[in-house]
Amino acid sequence: MTRNEFDLIRDYFARQPVKRRDVALGIGDDCALVEVPEGCQLVVTTDTLVEGTHFLPTASASDVAHKALASNLSDLAAMGAMPAWCSLALTLPEPDDAWVAGFCQGFTALAEHFQVQLIGGDTTRGPKSITITLHGHVPKGQALTRAGAKPGDWLFVTGTLGESQAGLDYILGKPVVDKARATTLINRHYRAQPRVTAGQALRGIASAAIDISDGLHADLTHILTASGVGAKVDVTQLPLSESLLAEVGDTEQAQKLALTSGEEYELCFTVPEMYRGMLDTTLKHSGVNVQCIGQITGNHRLELVADSQPLDWVLSGWDHFKEPRRDRS
Ligand code: ADP
Ligand code: MG
């Protein structure tokens, strides 16, 4: 990019509405300088969105920005961390004022909500992609990880599941019958609310946690592998929204969607019996509902049951939109 084009884009990002006191030096120098609170560990995560792989060219810049930051915030939420600073590597095929303005709007709205300050980045020419590195902190030794679930622990998820995939189906061209419902589901795909407050509230209570980006079934498997345990999930307990049930019209189909839908950005976590009673009080201020969907077992398998009946469902994995229409049964 020429110097002028570059300056133009960088100027957009230099006007940072979030100004944190722990940022000693923000955008403009070779590096940023930040203060990590005493007694805390730095928590770092990176996510990349590539046009054509993670979002369609028709997606609004503002939605893409929200999704890029939300996926990083969700990773920090799953660690029980407090988000603080981020950097943004933006690759664009050409300077596009309108796109950058829209991106900034979506980015800033979410960054302000969680008081995340953009402290640097890079701007290059190439196929459109967005990489955000988000930093946060957590009191030393208190981060939630995937390893730590024990047999007997209860298994929970936040929010409702399945709508992200249902929204993506519309984005990929499914004919709209009910406009309001389609809008709700599409928003659920692009505009997930990362469970940052809930994640922090779960420190000291949850024995393991992960955010649902690849689908509950796949992400729960990560907890089981890291913890060396198994789980029994009662699909009748999966939290399904009215919109999803109305959309799918069949409870079993909705349950399968809840197990496989990715980019949900809800949390899946385990809680030892002794802390289970504290959960409601703990999460009261996070504004998030949680649902117990099963229990951790010692047998290294992920079993699905409906009430007590074993199920032999074969589930497809989440694959963004490479194979959007394959059979999910
Ligand atoms: P350098 O050559 O040292 O990498 P640049 O000219 O790339 O510096 O960037 C100048 C300043 O602008 C740096 O502080 C950098 O972090 C910031 N910056 C560049 N691109 C972005 C962006 N997309 N978002 C936020 N900050 C950016
Ligand atoms: Mg640079």
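Glycine residues also receive a Cβ, built from the backbone N, Cα and C atoms like all the rest.
Remember, TrEMBL labels are computer predictions, not curated facts.
TrEMBL names His54, Trp318 for binding substrate. Of Glu112, Glu263, Glu266, the residue it gives for the same site is Glu263. The C-beta environment of Ser213 (ATP binding site), restricted to residues of the same chain at least 6 apart in sequence and closer than 8 Å, consists of Ser71, Ser74, Asp219, Gly262, Glu263, Glu264, Tyr265.
The binding-site residues recorded for this entry are Asp30, Thr45, Thr46, Asp75, Asp122, and the Cα of Asp75 lies nearest to that of Trp318 (substrate binding site).
On the backbone, the CA of Thr45 (Mg(2+) 4 binding site) and the CA of Asp75 (Mg(2+) 3 binding site) stand 7 Å apart. The most densely surrounded of the binding-site residues Asp75, Asp214 is Asp75 (count of other Cβ atoms within 10 A of its Cβ).
For ligand 2, the binding-site residues lying close by, meaning a CB under 6 A from one of its atoms, are Asp122; the full candidate list was Asp47, Asp122, Glu263.
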